[in-house]
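> Below: one structure in C-alpha cells.
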Amino acid sequence: MSAETAGPETLGSLSDEPQQDPNSQQAKEISGKSPLRIALGRLARDKIAVVCAVVVLFFVICAMFAGTISDLFGVSLETPLASERVDGLNNGLPKPEMGPPVGPFTWEHPMGVAPRTGEDNLAYWLHGCRVSLLIAFTATLIASVVGVVIGLLAGFLGGAVDKVLSFFIDMFLTIPFLLAALTLAPILNERFNTSPDYPTIQKFSLVMVLAMFGWMGTARLIRGEVLALREREFVQAARVMGMPTSRILFKELLPNLAAPIIISVSLMLPAFVALEAGLAYLGIGVTDGVSWGQTILKAATPTYFREYPQYLWQPLLGIVALVLSLNLLGDAVRDALDPKTRR
Amino acid sequence: MTQDPNARAEVEPTAVGANAAEAGERRLGDDVSDAYGSHEVNVGDLDFHIVAEHGHTASELDPDAPAVLTVDNLKMYFPVKSSGVVRRTIGHVQAVDGISFEVPKGGSLGLVGESGCGKSTTGRLITRLYKPTGGSMMFDGKDLAKLSNREMKPLRRDVQMIFQDPYTSLNPRHTVGTIVGAPLEVHNVVPKDKVLPRVQELLEIVGLNPEHYNRYPNEFSGGQRQRIGIARALTLNPKVLVADEPVSALDVSIQAQVINLLQDIQSEFDVAFLFIAHDLAIVRHFCPEIAVMYLGKIVEIGDRETIYSHPHHPYTQALLSAVPDVKQAAVGGRRERIRLEGDVPSPINPPSGCRFRTRCQFAQEICAKVEPPLLQIGKRHKVACHFAGELGAHPATPVTTELLGVDDQGSPVPGATPSNTQLTIPGYEKTWYDLRTKQTTGV
Ligand SMILES: Nc1ncnc2c1ncn2[C@@H]1O[C@H](COP(=O)(O)OP(=O)(O)O)[C@@H](O)[C@H]1O
Ligand code: SF4
Ligand SMILES: [Mg+2]
C-alpha cells in the first residue's frame, strides 16, 4: 500500500517547479539544482542584467585582445614622428589627413590621433581599457581573498583573534584613502623611478594600494555573515562528527558565503575602475604608461575641449559605460541572490 | 500494518483531535506520510498519540541493561562578561549544575523540562560541543569530560547528535549525498567509491528515495530533512545518539512518523538514546525512563510508569497536567491543569535552596534554606523535594530532615549527623529511602 501513499510530501516540494514524478525524465534533469543555480536562472531573466553583462563582456574582450584588435585596425601604440600627424601651428591639433576634428573620418585612425603627440587614440583606448580592467580585477581578487580569509577567521574563531582582526579592520577604515595614496606615490616614485621596470612596479604598487584599502568592507561583511552561520546547527553537526576547523571553514562555511563574496566583488570592481582612472588623473596612478585617466588628464584643457572634444569623450565614455554596467550588473546579481526580492 | 485508513472516522471525534484540527496543526488529506518506500502506514489525519501507538508499541525498559553512558555531577557554567573595553567576568550562567544519570545500553532516557532549563546544554556537553566546567561523563571506559579535542575525535564516531531544526541543521549548499557521506570522509572509514552505496543504504533506512542523493536540502520537506539529519547521525554506527528535540519543529502528523523511525532505528541498530523534549507527551512512547529538569538540575527521574502515574515532584505534576490525555479526553474527563505562576528565574542567580521554590505552591521555609537532595524513593525513582508526595498527598512535614540533619524549618540540629549516603550516584541503588516509614528499604 506504500506506492499509492506517495504524495507530494514524499517527492519533496521543489521550490520553483511544479510537483511532478521524481522518476520522470524531466525530474532527473531538474534534480540537483543548487541555490546559486536558481539565482543564476533568475539573473538570466533580468533584461537590464543581460544588457549590462554584454557591455561588460565587450570591455573584457577589448582588454584581453587589445593587441590583436589594434593590429586588425592597423593601429599601434608606436608613434613614428609627431610632426607627421599633428600640426604644430594649430595648437598641435591633428592634421586633416588624420581624421576629425579637422579632416573627414579615416579608417587609418578610426578614433583619430592625440593632439601634440599624434598617438593613435584607438590603440591607446584599447590598451587603457586593458590596464584599467587588469588593475581593477587583480586588486579586487587580492582584496577579496584577504577580506574573506580575515572575515572567516575573525567570525569563526572569535575571542582574541576576532578582537585583533577587528582592530585592524577599524584601523584601515580610519586611514583616508586619498591621503595615503598621495603620500605613498612620491615615496614609491623616489625609490623606484630609476628602475627599468618602473611601469610594472607602478602598476603593482597601485594594485597593492587599492587592495590594501579595499579588503575591509569584504572582511566586515564576511565576518558578520560567519557570526550568523556559526550558530547554525549544520556547523555544530560538523563539529560533532569531528570535522577539522579548516574543513569547516572552507568546505562548510565558504560555499555559504558565495552571496556576500559576489556582492563585495560587485561593489569593488566598478569602484576600482573609477579609482584607477581618478588616481591616474591626479598623477599618482599609472603615470608612466597607458591609462584612461592619463588621457583624460591630457584632454582636459580648455583649448582641446573646445576644438577637439572627442579626445576627452572617448576615455570618459569608456569609464562611464564600464562603471555603470558593472554597477547595474552588481545590483541585479545582488537582487537575484536575495530570496526576499525574488520576482 | 493492519490498520485500515478508512478506520480513522472512528477516532476522529475526540476532543483533542477536534481541537488540533481547529488549530490547523494537522494537514488533512491522504498525503501526510513523508516517507518513501514501505516503512510507513498511511495514517490519514490522525493525531500524534494515535499515530504513535499505531503499530509501534512503546519501548520497554530493560532494568538489567548495563549503562553505556554515565554522567556524574556534570556542570556547565557560562561566564557572563561585562560590556565595555575590559570585559570582566561578572557572573556565571549555571546552565547545567550538577546532574547525574545513566543511559542504558540500547535504551533511551528522556530529558524533559521547560525551555532554558539546560537540556540542550546537556546534549552539547555529551557530544562535547562544550567542555564541561565540572563532573564526568564515562563512556567506554573513558571520561569524555577530560579528553582533549584530539583525543575526542575517534570517540565522536560513537556519540552522534540529531538536531532540533531541520532547516538549519543541513548545509544548504551541499547535496544530500555530501551531507550524509561527510562523516565517512572525515573519519576516512571507507574508500571513496564505497561512500555512495553507503549513503544510499542510509537513505533507504530512514525512508527516503536513495536516488535523491544528488538533491539539495531545499528540495525536501521538514520531515524529510529531519530524516536526512538522522541518516547523517547514523552514518558512523554510533552507540549513543543525542536527539535534541528532534520533532518539535515538525508538523504534528509528521512528528509521530519520525518518532516511529527513531524507534525502528533503536531496535534495529541497538543505539542508546538521550532524547530531549520540552514536554512529557513526546517522550511517552519513546523513553522507558525519564528525567525531569528544572533550572539546570534534575528534579525527578524514574521509569515511565512512575513518572506518568505517580510523580512525586510538584514540578513534574505541573508539567504532566499540561499533557493532553487521549484516554481521558475520550471519556470527557480531563486532568486539572496546574498553572505555574511567574517566570523561570535567571540561571545566573538561581534561588537558594530548592530552585523551584519561587513557583512552588508547597514551598516552605526549609525550601529556601536547604537544597533538597535527589533522593531515591523507589526501585527506579528519585526525586528532589522536601515535601515529595503524590499529587494531593504531599506530606505536611519535610521528609528529608533526618537525612540532612536539620529541623522542619531547615536549621541544622546540633549534634545530628546527616545519614545521607546515597545522593549522587548516577544509577539506582538496590536499597532506597521509603517515604512512609522514613527507613531505608530494599527488595
Ligand atoms: N553558549 C552560551 N552562552 C551563555 N549562556 C548560554 C549558552 N548556551 C545556553 N546558555 C544559557 O543556558 C541556559 C540553558 O540553555 P539551554 O541548554 O539551551 O536550554 P534548553 O535547551 O533547555 O531550552 C539558558 O539560560 C541559556 O540562556
Ligand atoms: S522542595 Fe519545596 S519548593 Fe522545592 S519543589 Fe519541594 S516543596 Fe516545592
Ligand atoms: Mg534547547
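Even glycines carry a Cβ here, placed using N, Cα and C.
Dumping what TrEMBL says about this protein:
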type     : residues  : note
REGION   : A:1-30    : region 'Disordered'
COMPBIAS : A:12-28   : compositional bias 'Polar residues'
TRANSMEM : A:48-69   : transmembrane segment
DOMAIN   : A:129-330 : domain 'ABC transmembrane type-1'
TRANSMEM : A:131-157 : transmembrane segment
TRANSMEM : A:164-184 : transmembrane segment
TRANSMEM : A:204-222 : transmembrane segment
TRANSMEM : A:257-284 : transmembrane segment
TRANSMEM : A:311-333 : transmembrane segment
> Can you find at least 3 Cβ pairs under 8 Å between the transmembrane segment (A:164-184) and the transmembrane segment (A:257-284), where each pair is 6 or more residues apart in sequence?
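Yes, since the transmembrane segment (A:164-184) and the transmembrane segment (A:257-284) share at least 3 Cβ pairs closer than 8 Å, they count as touching.
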> Any contact between the transmembrane segment (A:257-284) and the transmembrane segment (A:131-157), i.e. 3 or more CB pairs below 8 Å with pairs at least 6 residues apart?
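Contact criterion met.
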> Using Cβ atoms and a strict cutoff of less than 8 Å, what residues sit near the transmembrane segment (A:48-69) while being 6 or more residues removed from its termini?
126-127, 129-130, 132-134, 318, 321-322, 324-326, 328-329, 332-333, 336
